[in-house]
Amino acid sequence: KLDQPAPSTQETSFIEKMKKTGRNIVVFYGSQTGTGEEFANRLSKDAHRYGMGSMAADPEEYDMSELSRLAEIGNSLAIFCMATYGEGDPTDNAQDFYDWLQETDGQLSGVNYPVFALGDKTYEHYNAMGAYVDKRLEELGAKRVFDLGMGDDDGNLEEDFVTWREQFWPAMCEHFGVEASGEDSSVRQYELKEHNDINMNKVYTGELGRLKSFETQKPPFDAKNPFLAPVTVNRKLNKAGELHKMHLEVDITGSKIRYESGDHVAVYPTNNTVIVNRLGQILGVDLDSVISLNNLDEESNKKHPFPCPTTYRTALTHYLDIIHPPRTNVLYELAQYATDLKDQENTDSMASSAPEGKALYQSFVLEDNRNILAILEDLPSLRPPIDHLCELMPRLQARYYSIASSSKVHPNSIHICAVLVEYXTKGVATTWLKYIRKSQFRLPFKASNPVIMVGPGTGIAPFMGFIQERGWLKESGKEVGETVLYCGCRHKEEDYLYQEELEQAHKKGALTKLNVAFSREQDQKVYVQHLLRKNKVDLWRQIHEDYAHIYICGDARNMARDVQTAFYEIAEELGGMTRTQATDYIKKLMTKGRYSQDVWS
């Protein structure tokens, strides 16, 4: 990065860009998995439908202190689509913006704004980032022109967004004195260019950044430049059960990739070739045609929806998410291509905010988990041009896994515990594109501090790395505190993950105590929280007297809450506290970094 020239003020000024291109609306997004960016693009597209000039913008690419100049543009509006990440934190691309908001005392009078927040109710800090931006902008003198929207990914995020958006635009039309008429027209963002005579060395084959980066792999490896890592071990962990829990080891020799126990590894999946081929067949196209989709807006920072030039086959295999159910905006744009009136009405209805349309989308698309291929197969007259479909589908996102190894013991490989919903070898690639994401999940600086790890099911993954590292420290002659694990599964003989490794670690003393809850082995279900209560005296000593660090990994919806409640109860009973005092006690442990969670819903 050192030899890259610093971007000029012109490039980092969204105000100059808006003035130059005649836009009055800017939609900023904080996005970790692509949804916030997708919603921002949809709002920007909406504005064009109403005849207003708009641009979606990544706050990381611009100087956000320029918000104070927004009033220089007549009828201006800044929309914020802000996702919350982790424990109430901003997304990576919104971190600098968040820091600026906290530190600035600049005046933002004359700035009109609304905020749509993206979050998940199962997490304690639900929509913390969106709520903070909404409140802080007002404190700095900006004017909220529409209520804060709250999107809940644990419920129906798409419906929350559509409902907010349907009320937002009529209010904005009134605010700007604009006629609300353009809603029915489809706006194309990209135009198709077919390359009949092109040097194939200039065609992308799945690379995310630099062309030919797979042939000449150069560090540093990150989201734009992932490492092509061979999978050296791929074995099934559970003996029975519906899900297939796999232990994978990927070779990172020569990559200079460094990782710590508790980090996440991001893996880019590829789509199933059967689905890709069937899409090509249904839409009647040669998937190996070389194409580019070029942005019709020449001033946009985003020249293409994915790396171009490429083939339809590469786009559908490596770049586009064709597996998840499509969002309503995709159906809205595709409805016009249905030649059968009934198919068109149904597709239109599912894209609307009418109660019956929402119910149809919920049952037909979400509950039945229909991807775009299934929808096209079920609506035989719906045959959109493939380039429009490629424009509309969201980008395929990396999947994050907790690393199940310690780099002290395994410096040249990364271990992963992954669940395959459908067990078929085609679901596991022989090479994986990957990079590392740092996490807050860290072993205590002082090895003499006890650690209490709670991780049922695949939540055990990061603790395999922790146990390996504590064992390594012990063998190196360090004083290591108690290492205590609470894990769980349904049946000992079916889905006890890493049984041999755990029993071996316990035998060698790397693991001081191994507590396993088998939930279905007896009449009364037993979960990890029951074992915590059972061992309350030991736990309270470890936490209150020996300064233990607590780590929770796994399901956010039930397990993490139930475990937290168990800790409250232990603090009440053995610490002589009220529930309020016990809650404050655990919150203080969180603030000090002694109670960490890596949870998902």
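Counting begins at 1 with the first residue displayed.
The backbone N, Cα and C atoms fix where each Cβ goes, and this holds for glycine too.
The model shown is predicted, which means the values in this text are computed figures rather than measured ones.
Here Swiss-Prot flags 25-169 as domain 'Flavodoxin-like', drawing on sequence analysis. Under the heading FMN binding site, Swiss-Prot lists 31-36, 83-86, 118-127, Asp153. The domain 'FAD-binding FR-type' annotation in Swiss-Prot covers 224-425. Marked as FAD binding site by Swiss-Prot: Arg399, Tyr400, Tyr401, Ser402, Cys417, Ala418, Val419, Tyr423, Gly427, Val428, Ala429, Thr430, Trp600. Under the heading NADP(+) binding site, Swiss-Prot lists Thr458, Ser519, Arg520, Lys525, Val526, Tyr527, Val528, Gln529, Asp562, citing sequence analysis as support.
Of all the binding-site residues in the record (Tyr401, Val419, Thr458, Val526, Asp562), the one with the smallest CA separation from Gly86 (FMN binding site) is Tyr401.
For the pair Arg520 (NADP(+) binding site) and Arg399 (FAD binding site), the C-alpha distance works out to 30 angstrom.
Among the binding-site residues listed here, namely Ala83, Tyr123, Trp600, Trp600 has its C-alpha nearest to that of Val528 (NADP(+) binding site). Counting in whole angstrom, Tyr126 (FMN binding site) lies 18 from Asp562 (NADP(+) binding site) by their C-alpha atoms. Gly86 (FMN binding site): 17 other CB atoms within 10 A of its CB, across all protein chains. The two recorded residues, Val419 (FAD binding site) and Thr458 (NADP(+) binding site), have Cα atoms 8 Å apart. Looking at Ala83 (FMN binding site) and Cys417 (FAD binding site), their Cα atoms lie 27 Å from each other.
Closest by Cα distance to Tyr123 (FMN binding site), from the binding-site residues Arg399, Tyr401, Cys417, Trp600, is Trp600. The most densely surrounded of the binding-site residues Asp120, Asp562, judged by C-beta neighbours within 10 angstroms, is Asp120. Taking only the Cα positions, the spacing between Tyr401 (FAD binding site) and Val526 (NADP(+) binding site) is 27 angstrom.
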